[in-house]
Amino acid sequence: MEAIRKQASKLREQVARQQQAVLKQFGGGGYGGSDNMVTDEVELQQHQKLEKLYISTRAGKHYQRDIVRGVEGYIVTGSKQVEIGAKLSEDSRKYGSENNCTSGNTLSRAALSYSHAHAQMEKERGNLLKALTTQVAEPLRAMVMGAPLEDARHLAQRYDRMRQEAEAQAIEVSKRQARVRETPGNAESAMKLEAAETKLQDLKSNMTILGKEAAAALTAVEAQQQRLTLQRLIAMVEAERAYHQRVLQILDQLEGEMISERQRIEAPPTPSVDNSMAPPPSYEEVNGVYASQTHNGMTDSMGYFLGEVLFPYHAESEVELNLSIGDFIVVRKVTNNGWAEGECKGKAGWFPFDYIERRDRVLASKVAEVF
């Protein structure tokens with residue numbers, strides 16, 4: 001009979017060791033353990049909450065680290081782009097300044113405009129890289145490496161180790177209880193059981209306190225992670241948006257300057273006003289000029305129409321109109337001596353008819369500019 005008892009005791013110890021091995025396998029490394037050994041409902045909920053918080057803060061830390069790495073990579077490539085852009089800007093400036101072309105300086109002026117614009121754009125890119133460093137990478141890196149996160153995670157890991165210890169102690173209590181049942185009246189077994197139960201209660205009490213501390217610390221860290229990461233993402237978007245808006249303005253201005261240079265090359269010679277052409281009549285000399293169909297032998301050749309200014313014209317008297325390339329004008333009278341009368345930007349007057357070209361279709365926004 002005694003041999004059977006010893007064999008049964010060995011079997012129980014073997015089972016206990018196997019259970020502890022399983023606990024170590026699934027509970028070791030990082031955070032998390034068995035939910036089956038120690039516990040009441042409150043402790044189980046606390047354990048599950050801590051597990052979720054640990055996973056959440058770990059994911060938040062990894063995302064912050066990914067942002068930092070991405071920004072650092074962007075800064076490295078951006079710095080190289082600044083270097084390349086600065087070199088191209090300097091090459092363009094050098095070509096524009098030397099002006100070796102014998103047939104004109106149009107390309108030289110365009111090269112200088114390009115150089116100036118690229119210098120501005122590279123300056124804006126440099127400002128963007130500085131903003132990404134100071135407003136995004138540095139704050140996130142500080143939090144990833146900061147003490148609050150590590151302290152909270154250490155508390156959670158201490159809680160997990162204590163929980164595993166309590167689970168092992170619960171197994172020990174079960175073994176002691178079995179021995180007491182096998183040998184009733186054995187004082188030594190009863191004392192060992194009482195000591196094991198006392199130790200288990202102490203572990204549970206300490207585990208509860210530590211679990212609350214770890215949960216509070218991880219909750220605070222999670223909230224800070226969420227808030228700070230969102231703020232840094234917004235700062236990154238705002239910095240990039242401001243950079244692209246500024247670059248777009250620079251490119252719009254550069255395009256306008258270059259198109260103007262191209263038009264200067266491609267445009268036909270500006271028509272000259274014939275010195276023998278009679279000057280336009282003054283409004284004081286002609287009464288009802290708009291209603292009259294003839295004036296000093298000059299007749300209207302067509303009705304009202306819209307024309308686009310092809311060449312600039314500077315008025316030489318108060319009855320003439322100043323014209324700028326691209327303006328639209330309502331033509332109301334065309335005479336047979338080369339003058340036309342019309343209205344542009346709320347002003348009426350005479351101008352050389354050859355300086356405009358008739359347009360049958362015009363955008364509504366352009367028509368509004370006439371008046």
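Using the three backbone atoms N, Cα and C, a Cβ is placed for every residue, glycine included.
Those TrEMBL annotations? Automatic predictions, nothing curated.
Listed in TrEMBL for this protein:
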type: COILED; residues: 149-240; note: coiled coil
type: DOMAIN; residues: 302-361; note: domain 'SH3'
Self-check item: Mean of the pLDDT scores, which run from 0 to 100, over the domain 'SH3' (302-361)
Solution: 86
Quiz item: In the domain 'SH3' (302-361), how many residues does DSSP assign to helix, to strand and to coil?
Solution: 3 helix, 31 strand, 26 coil
